[in-house]
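Asks: Below, the features straight out of Swiss-Prot:
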{"type": "BINDING", "residues": "GLY20, SER21, GLY22, LYS23, SER24, THR25, ARG126", "note": "ATP binding site"}
{"type": "BINDING", "residues": "SER24", "note": "Mg(2+) binding site"}
{"type": "BINDING", "residues": "ASP42, ARG66, GLY88, ARG153", "note": "substrate binding site"}
Amino acid sequence: MGQDTITKQHSLIFLTGFSGSGKSTIGPLLANSLGYEFLDVDQAVEQRAGKPITRIFAEEGEAAFRELELQTLKTVAGEKEMVVSLGGGALQYDPSHAFIAGAGTLVYLKSSAANLAKRLVNKRDRPLLRGENGRKHSREELEEKIRRILEEREPRYQQAALTVQTDQKRIGSTVEELTRKIERLVRKAPQIGEDGQQPEQP
């Protein structure tokens, strides 16, 4: 399939899922497997702001972070053959959700609260998972908090065109599964040329 005919809608891939679901690990591997570019939105936001996300939250608040996130997302408008790793809460910000829905294909990396807690219990760089005054949660407390946040986010996560369960699965297997499904999705999609029009049938 020529690059000039690949549909933009289906070859701009947004990876969503809770922190710890594997987006930042799977994303570059998936992009490499597909021959696509890769962008980690959280890393791009930090570069744009000149400081880590924890400081953005602490000094400017979540609303300022979400707006920075949206502006970063808009830089990929019109791109194709790119995998974009989203922050876990990006879909909860309505303007970002609307942009993503119209710009590309959403893929949900799904994992259980128990497995997410196991992966995140020793992480200190997730602002929404901290206790009061930055106190570290016990694993049980963390799992319960993740469960509550997942319940809030799940309706939008479930809008994804593709969902892949990452629990009890090797990273390589997940990448292979996603590669097959995305390539199938791109093949089935209407072909769009550089002028944005579908080519005429012979």
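Count begins at 1; order follows the chain as displayed.
A Cβ is built for glycine as well, from the same backbone N, Cα and C atoms used for every other residue.
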Asks: Reported as an integer number of Å, what is the Cα distance between ASP42 (substrate binding site) and SER24 (ATP binding site)?
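Replies: SER24 (ATP binding site) has its Cα 9 Å from the Cα of ASP42 (substrate binding site).
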Asks: For GLY88 (substrate binding site), list the number of other Cβ atoms lying within 10 Å of its Cβ atom.
Replies: 23
Asks: Would you list, in sequence order, the binding-site residues among ARG66, GLY88, ARG153 whose CA lies within 10 Å of the CA of GLY20 (ATP binding site)?
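Replies: Passing the 10 Å Cα cut: GLY88.
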Asks: Please tell me which one of the binding-site residues listed here (ARG66, GLY88, ARG153) sits closest to LYS23 (ATP binding site), measuring Cα to Cα?
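Replies: If we rank ARG66, GLY88, ARG153 by Cα distance to LYS23 (ATP binding site), first place goes to GLY88.
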Asks: List the residues of the same chain that sit at least 6 positions away from SER21 (ATP binding site) in sequence and have their Cβ under 8 Å from its Cβ, in sequence order, or write 'none'.
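Replies: SER21 (ATP binding site) has long-range Cβ partners GLY88, LEU109, LYS110, SER111, LEU116, THR166.
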Asks: Would you identify which of the binding-site residues LYS23, ARG153 has the most other C-beta atoms lying within 10 angstroms of its C-beta?
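Replies: The residue with the densest Cβ neighbourhood is LYS23.
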Asks: What is the maximum Cα to Cα distance, in Å and rounded to a whole number, among the residues ASP42, ARG66, GLY88, ARG153 annotated as binding substrate?
Replies: 18
Asks: Among all protein chains shown, how many Cβ atoms are found within 10 Å of the Cβ of GLY20 (ATP binding site), not counting that one?
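Replies: That number is 23.
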Asks: Going by DSSP, is LYS23 (ATP binding site) part of a helix, a strand, or coil?
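Replies: In three-state terms, LYS23 (ATP binding site) counts as helix.
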Asks: By a simple count, how many Cβ atoms lie within 10 Å of the Cβ of ASP42 (substrate binding site), its own Cβ left out?
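Replies: Cβ-Cβ neighbours of ASP42 (substrate binding site) within 10 Å number 21.
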Asks: Near ARG66 (substrate binding site), meaning Cα within 10 Å, which of GLY22, SER24, THR25 (binding-site residues)?
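Replies: Near ARG66 (substrate binding site), where near means Cα within 10 Å, there are no binding-site residues at all.
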Asks: In sequence order, which same-chain residues at least six apart have a C-beta under 8 angstroms from SER24 (ATP binding site)?
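Replies: Non-local contacts for SER24 (ATP binding site): ASP40, ASP42, SER85.
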